[in-house]
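One structure below.
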Amino acid sequence: MFDLIKAIIIGIIEGLTEFLPVSSTGHIILAEALMKIPSGNVWTKAFSSVFDYSIQLGAIFAVIQLYFDKLNPFSSKKTDHEKFQTWRLWIRVIVGVLPAIVFGFALNDFMDAHLMNFWVVSATLIIYGIAFIVIENRQKSIVPVITNVNQITFKLALYIGLFQVLSIVPGTSRSGATILGAIILGASRFVAAEFSFFLSIPVMFGVTFLKMGSFFRDGGSFTGMQSIVMLVGFIVSWIVAWFAIKFMMNYIKNNDFKVFGYYRIIIGAIFLVFGILGIVG
């Protein structure tokens, strides 16, 4: 029972924070440190790692569900021109994930091993929080030149993808890095968020299957309870992420990202204090 409660709580946190620019990793670390829920033999180190990636995949399914029509090049509802535009969008997404493939996958394990500590996570939470506030203040006098995702060029997609690589540093936030990058490069908030969602699809599928493959190659297997726990976390993350995406896209129609910047600074400060007190490692 406690295992399912933990899966539900972490699934909720993942769903809420994966696409908001606030760092899902930082929030999950905090939650796991504070919950102290008895977890029996289910939450082994290997299973916990795979679980974290499986719930990220659940959040990705929310993107696919919400944007299925827009991302489906085979839709009978689309004209030939619209299908062509959809294929072009997918090519730009692929171009955008190339930096993550080249740098991210190569450095991800190194970063987790050497930078996954409260000093780094709290610092990146605070630094990017300040960055959001500074950049949004600058944007007040700048009119975005890219107001539709189809206006993103291949070159621009690659540059945004380079910003995504920054998220391999724990606490950065993948969506936060790509949204900031896209805004700096001239995209509107709406386009920046939308393209960030699309970039997450191949990245998270790739990372999840790599982690799963590594788990099984090392002789790992799931017990019946672990399978149930993973499925529950996956579904909860999917459902909550659906609402989180809807909320954010409605919110940024009339608001900027500064509130997320202030929030990151507060959470970063809390994370730092908890780290100094030994509550998180």
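Cβ coordinates come from backbone N, Cα and C, glycine included.
According to Swiss-Prot, the protein carries these features:
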TRANSMEM  2-22  transmembrane segment
TRANSMEM  46-66  transmembrane segment
TRANSMEM  93-113  transmembrane segment
TRANSMEM  115-135  transmembrane segment
TRANSMEM  152-172  transmembrane segment
TRANSMEM  190-210  transmembrane segment
TRANSMEM  228-248  transmembrane segment
TRANSMEM  259-279  transmembrane segment
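When Cβ distances are compared across the two stretches, the transmembrane segment (259-279) makes no contact with the transmembrane segment (190-210), since fewer than 3 pairs at least 6 residues apart fall below 8 angstroms. The transmembrane segment (152-172) and the transmembrane segment (228-248) are not in contact, since fewer than 3 Cβ pairs between them lie under 8 Å (pairs 6 or more apart in sequence).
Taking Cβ pairs closer than 8 Å, the transmembrane segment (228-248) reaches residues 3-4, 6-8, 10-12, 14-20, 42, 50-51, 54-59, 61-63, 65-66, 193, 197, 222 in its own chain, all 6 or more past its ends. Long-range contacts of the transmembrane segment (2-22) within the same chain, counting only residues at least 6 positions beyond its ends with a Cβ under 8 Å from a Cβ of the stretch, are 28, 31-32, 35, 37-40, 42-43, 51-52, 55-56, 58-59, 62-63, 125, 128, 132, 173, 175-176, 179-180, 193, 196-197, 200, 225, 228-230, 232-245, 248, 257, 260, 263-264, 267. Sequence-remote contacts of a segment are chain residues at least 6 beyond its ends whose Cβ falls under 8 Å from one of its Cβ atoms, and for the transmembrane segment (46-66) they are 7, 10-11, 14-15, 18-19, 24, 28, 197-198, 200-201, 204-205, 207-208, 211-212, 215, 218, 220, 222, 226, 229-230, 233-242, 244-246.
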